[in-house]
Every structure is written in C-alpha cells, then in structure tokens.
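Look at TrEMBL and you will find HIS113 tagged as active site, proton acceptor. The Zn(2+) binding site annotation in TrEMBL covers CYS121, CYS124, CYS145, CYS148. The domain 'Deacetylase sirtuin-type' annotation in TrEMBL covers 1-272.
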Amino acid sequence: GAGVSVSAGIPDFRSSQGLFTTGVLSKDLLDANVWKTTTKASSLCKILAKMHQECSQASPTPFHVALKMLDKKGGLLRVYTQNIDLLESKAGLSFGMPKMHSPQDMPRCIPLHGTLETLACIKCCYQSPLHLHVSTLVTGCLPLCPACEQVEHERRIIHKRPRASGILIPTIVLYGQPHPAADHLAQAIMRDANGDSRKVKPDVLLVAGTSLKIPGIIAAVHKFAQAVSQESRGGCRSIYLDQKPLSSKWDDIFDTWVSGDLQIFAQHLIRSFSHQFDHSIDDAIFSKDSTTISILVQDLPSEAIFFLKGKDYIFLDIDHPFYIPEI
C-alpha cells in the first residue's frame, strides 16, 4: 500500500499527513466520472502532474530493496501493489499486468491501480508517455490525442463531417471504474492462490502499508490468507505490517500484527538475507510477565513492536536485530 512509499517522499492518503487528511486531494477527484467535469478534471490534472514529478524523483525504499532481495533468493512469488509510483520496477522487479494465456511470463509485481507512466486516449487505443505531457497537465488541461487529430485532419481533406478528438488521460484506475484488465487480474490472483504451473503455492502473506479499504483488495487478501493457512506448517503465516491495527473483523484473517516503522522491518529482512547479524539475544531484558523482550540500543528514530502469537517483541535498533524463528 501507499505507506510503503512515504519514506521515498511520496505521500499516502489516510495518515495524518496524507493527501486526504490534509485536503490536498479529495475522494471525489478520484471518481471515475472526474474527467466529465471540467473543474474537477483540471484540479486532478495539476495534482497528478505534481505526483508524477515526485514519483520520477523518488528512489526505492528499503522495503522495495528487501522485496528484490527476496526475489533473488527465490522466495518471492508475487507482489500486488496499489501504488502508482513504479518504485517496484525501479527496485528491479519485473513489472506489469499479467497476460491471460501466458502464466509462465507473469511479472513479479502487478500494479492493481495502474501507474503514472502513460496517458491513454479515451476513444482509441493510442498511448503516450506521461512525461511528454507534464507541461500541459500542470496547466490543468488534458492533451488531445494526436492519433485522433490525425484522423480528423484526413477527414477534413476528403470533406467528411468533423468529429471530436479524444483526450489523453492517465492510466490509473479510479473509484467506480471497471479495471481494464479485470479478467487477467482475477486469473492471476486465482493462479497465485491455488498454485502456479510449477505447483508453487504461497506459504506466507505479508500485507504492508495499507488500511485495506478497497473492496477488491479486501477480497484478494482474504483469498491469499486462506491459501497460506492451508499450507501452514506452524508459525505466523498471515502478517499485517503497519503503524495502526486493523479493526477486529480482521482478527481471524491475520496471524499477527507488526506495529512500527515498516522500513525498519525491511532493514531487518535485508540484514537477515545478507547474513550480517548476530542471532543471539544475550542483551535482552525479559519483563516480569515474560511476554515482552526488549533489546537495549541507541539512536533509533522510532520503535517497531512485533506482535507474535500474543507476545510482544520490541526492537529498538536496526543495528542489533535478532532472528525470529516463528516468522
């Protein structure tokens, strides 16, 4: 979710500094009908032009790097991202929408809500890189489709009745808009949950940086959580990673909630992948009720609390992580 990219300088939507919370963006501007209203379309054009600039300048976070490292180790089946910033692609993951008849060519990362990479005509199949049209978008205008314009030019030459040219809009999926590749996406989710052509099934589900408000995302998470529970060999198999917990309706879906900075969590993973840390917990202090272990360290900007099977593990420094066999 959007929380994964915040540390890269890309704001999320619902946190205290999010686009919805601060009023920079409202939900009605992300409605599928926004392009039909001149004033709303103009506002969204300016916002997306700024977001494109932020995304273009952003670099992958430790979380994105950890995903790529996991991919290199052969432990990553798929990443489904709600983000439109392309940071997964920048991190080196294969990226794009799956093809219905080519399961062997499934990209490692699938963007659920499109990207800010291209603009597409609403009338024909023409597409163009978005960066070529930023100067138009920042003025609050949508560019006309050059392919449609060429057709209209040819129609005028032979004295045919003129028709309106199409406009180019960003290839992002808005609220109330049918997903342009819904069938391909549904097949990909089913294939990943049930096992791919090599009979590879997921055994761990990690949901990170999202408040899980979108119905389609909720359905996919339920599907994957069910799949990993069937493959469970003990330990935590469905993990929710975010600063705030979900509502109680998710209690039977996730085995554990990891509360804290997800980039610190990612740096723990990176170090474990690199085998550059000490597995001992000699410096631990055990609380009286023996349910909490705290590692004494220094200079951490924020703490990360790991809730595992009812026990709290509080890590206070990324330089002194230790191994958690349950995960």
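From the backbone N, Cα and C atoms, a Cβ is placed for every residue, glycine too.
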Item to check | Pairwise Cα distance for the residue listed as 'active site, proton acceptor'/CYS148 (Zn(2+) binding site) [Å, integer] | outcome: 26
Checklist outcome for this item: If you count the other CB atoms within 10 A of the CB of CYS145 (Zn(2+) binding site), including all protein chains displayed, you should get 24
Checklist outcome for this item: Residues lining the Zn(2+) site besides CYS121, CYS124, CYS145, CYS148 (CB within 8 A of their CB center) are ILE122, LYS123, CYS125, TYR126, LEU144, PRO146, ALA147, GLU149, SER165, GLY166, ILE167, LEU168
Checklist entry - What average pLDDT does the predicted model assign to the domain 'Deacetylase sirtuin-type' (1-272)? => result 91
Checklist entry - Counting only other Cβ atoms and using a 10 Å cut-off, which of the binding-site residues CYS121, CYS124, CYS148 scores lowest? => result CYS124
